[in-house]
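J.: After the structure tokens below, expect a handful of questions from me.
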Amino acid sequence: MGLTGGIGSGKSSVARMLEAHGASVVDADGLAREVVEPGTPGLAAIAEAFGPTVLTDDGALDRQALAGIVFADPGARARLESITLPIIAVTAAERIDRVPSGQVAVYDVPLLAEGGIADLFDAVIVVETPLPLRLERLEGRGLARDEALARMENQASDEERRALADVLLLNNGTRADLTAGVDWVWENRIAPALP
């Protein structure tokens, strides 16, 4: 299954809830961090493409410096994605292939719509949250409002994600409401399809 939603939508919370039901979750954001760790081909390619200013003194990726470049320049963002997305895709496929037969594999991927990969999944769950609530959550995580909006502008719209959804989870209430929604999806959409 593909799981997606905009930044601040609660997608990661849904992933943890699905994991509690027994799904095996492969996290694209986690893979994105993993494939650019020091000593990886991904980090070497990024340093070559963007220069030494995107590296810390100890040779790790300076995420803030890189974000400042790619969120301000669509061409730079495309260049970064041309480096990282293929590496992430291969790594994700390897992890998904390791999920035992009969167990639900969930690929938690924020850029599912942007990557044009919805057809790779048996089903796509989209988590959607109203913009004011997303901004409130992101500001609570220390992200400035203008930076949060800039990141949202670089992602697919709610309408684009909704068009791919086999299941739309509205996350506009309490945590208990979201848990109840995920439980319903598991019991009525996922569990009946299991062998």
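The backbone N, Cα and C atoms fix where each Cβ goes, glycine too.
Copying in the features that TrEMBL gives for the protein in this structure:
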BINDING   Gly8, Ser9, Gly10, Lys11, Ser12, Ser13  ATP binding site
J.: What residue among the binding-site residues Ser9, Ser12, Ser13 has the most other CB atoms lying within 10 A of its CB?
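T.: Answer returned by the neighbour count: Ser9.
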J.: Tell me the Cβ contacts of Gly8 (ATP binding site) under 8 Å, same chain only and six or more apart in sequence, or just say none.
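T.: Once residues fewer than 6 apart are set aside, Gly8 (ATP binding site) is near Thr129, Leu133, Arg134, Leu135, Arg137, Leu138, Ala148.
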J.: Take the mean position of the Cβ atoms of Gly8, Ser9, Gly10, Lys11, Ser12, Ser13, the recorded ATP site. Which other residues of that chain put their Cβ within 8 Å of it?
T.: Gly5, Val14, Val127, Thr129, Arg137, Asn171
J.: Quiz question: given the binding-site residues Gly10, Lys11, which has the greatest number of C-beta atoms lying within 10 angstroms of its own C-beta?
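T.: Sorting the candidates by Cβ neighbours within 10 Å, the top entry is Lys11.
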